[in-house]
């Protein structure tokens with residue numbers, strides 16, 4: 001990286017999330033939402049119509065054993081991430097010049113983690129302690145994400161200006177702390193943002209699901225509850241697919257544009273593993289025994305349709321970015337830009353601007369449908385996800401309009417629908 005020029009990143013002009021005041025409120029609001037959401041949906045009730053009663057005992061929130069479980073899990077995933085297994089992949093060109101290298105062995109880490117779970121089952125370890133101490137582990141993850149965010153921001157204050165993030169370089173401490181001040185914080189070659197994006201939280205989500213299914217299996221006369229098993233299988237496959245195509249994340253907004261601050265640290269380590277498993281935890285504590293097989297089969301078909309759109313569109317985009325001259329992609333129409341890159345306007349990417357988002361939403365809806373139709377909270381994920389993807393689309397539009405200028409205007413005219421064809 002010695003060829004990187006000492007070129008400072010421009011100051012961030014467009015503030016998001018309501019600027020410093022909005023981001024300060026989000027630092028307080030996001031952990032509150034995670035805890036209240038999980039309090040509101042439990043074995044006794046799952047409703048937004050009642051204010052959940054908070055336990056008065058501190059031990060319900062904090063426990064040293066639960067803290068050790070979280071820290072041990074984080075260290076285990078970090079150890080797997082640094083093993084010389086999997087290929088080294090170059091990231092996108094940095095504005096200051098050069099490319100960073102990333103070790104892509106996330107799928108290997110997932111397989112090892114699942115194998116470790118299998119050994120735990122074989123030796124009859126008390127794996128259900130993870131469910132029993134769910135809230136204490138969530139507290140440990142929250143505190144860790146806050147401390148990590150503080151350390152990241154402190155580190156960002158002493159790095160060269162060319163390593164700062166274009167989206168978190170305002171000079172306002174609160175805003176930059178939330179958005180992430182440094183683009184790619186590393187300890188040696190260990191990239192903290194890349195690691196947290198796909199490892200502790202995402203694979204942790206899988207582990208929660210496996211433990212929930214195993215616990216239900218033991219409590220259900222050693223039979224797998226169909227709805228819970230199906231929802232968990234959908235989600236586990238989704239994570240496995242993401243880790244199998246791990247290098248695709250190197251072209252996403254999170255890696256290319258956003259710094260690593262509280263927004264991503266909390267999102268990766270707390271929001272993903274403790275909100276995205278709401279459906280499976282609901283099904284463990286509130287079994288849906290009245291779900292007929294043909295209903296589950298229809299939900300399965302819906303999930304497959306969503307996955308087909310999601311994987312097909314992502315694969316088409318990644319293949320084009322790797323080799324625009326690939327003969328298999330010669331039929332695709334594009335719009336040239338002043339940067340030298342071309343914008344796809346046919347194939348999956350001619351249906352709408354974010355067909356991968358559409359597939360994601362369909363899958364998210366299928367997961368929630370496994371929970372039946374008598375409760376709203378299990379549908380939190382697809383509802384939240386729709387809001388998130390609309391917002392991400394708006395952020396991406398601002399970035400691309402600035403980057404591509406008139407070409408982006410032509411692109412929007414050619415592909416008018418953002419996520420849902422003929423609707424939005």
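Heads up, the Cβ atoms here are built off N, Cα and C, so glycines get one too.
Residues or ranges marked as transmembrane segment by TrEMBL: 21-40 (among others). If one looks beyond the transmembrane segment (21-40) by at least 6 residues along the same chain, the residues whose Cβ comes under 8 Å of a Cβ in the stretch are 46-48, 50, 52, 54, 134-135, 138, 142, 174-175, 177-179, 262-263, 266, 270-271, 274-275, 278, 281, 377, 380.
If you look up TrEMBL, you'll see 60-83 (among others) marked as transmembrane segment.
The transmembrane segment annotation in TrEMBL covers 104-123 (among others).
Marked as transmembrane segment by TrEMBL: 135-154 (among others).
The transmembrane segment annotation in TrEMBL covers 202-218 (among others). For the transmembrane segment (202-218), the list of distant contacts is 73, 77, 106, 109-110, 113-114, 117, 121, 127-128, 130-131, 224-225, 228-229, 232, 235-236, 239-240, 242-243, 268, 272-273, 276-277, 280-281, 283-284, 287: same-chain residues at least six beyond its ends, Cβ to Cβ under 8 Å.
Beyond its flanks by at least six residues, the transmembrane segment (224-244) meets 106-107, 109-110, 198, 202-203, 205-206, 209-210, 212-213, 216-217, 276-277, 279-280, 283-284, 287-289, 291, 293, 296, 299-300, 303, 307, 311, 363, 366-367, 370-372 of its own chain at Cβ-Cβ distances under 8 Å. Annotation source TrEMBL lists transmembrane segment at 224-244 (among others).
Taken from TrEMBL, the feature transmembrane segment covers 256-279 (among others).
Under the heading transmembrane segment, TrEMBL lists 291-310 (among others).
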Original post:
Of the stretches 60-83, 135-154, 256-279, 291-310, which racks up the most C-beta pairs under 8 Å with the transmembrane segment (104-123)?
Top reply: 60-83
Original post:
In the same chain, which residue numbers or ranges, 6 or more beyond the ends of the transmembrane segment (60-83), come under 8 angstroms Cβ to Cβ?
Top reply: 103, 105-106, 108-109, 112-113, 116, 129-130, 133, 135-137, 139-141, 144, 190, 195, 199-200, 203-204, 207
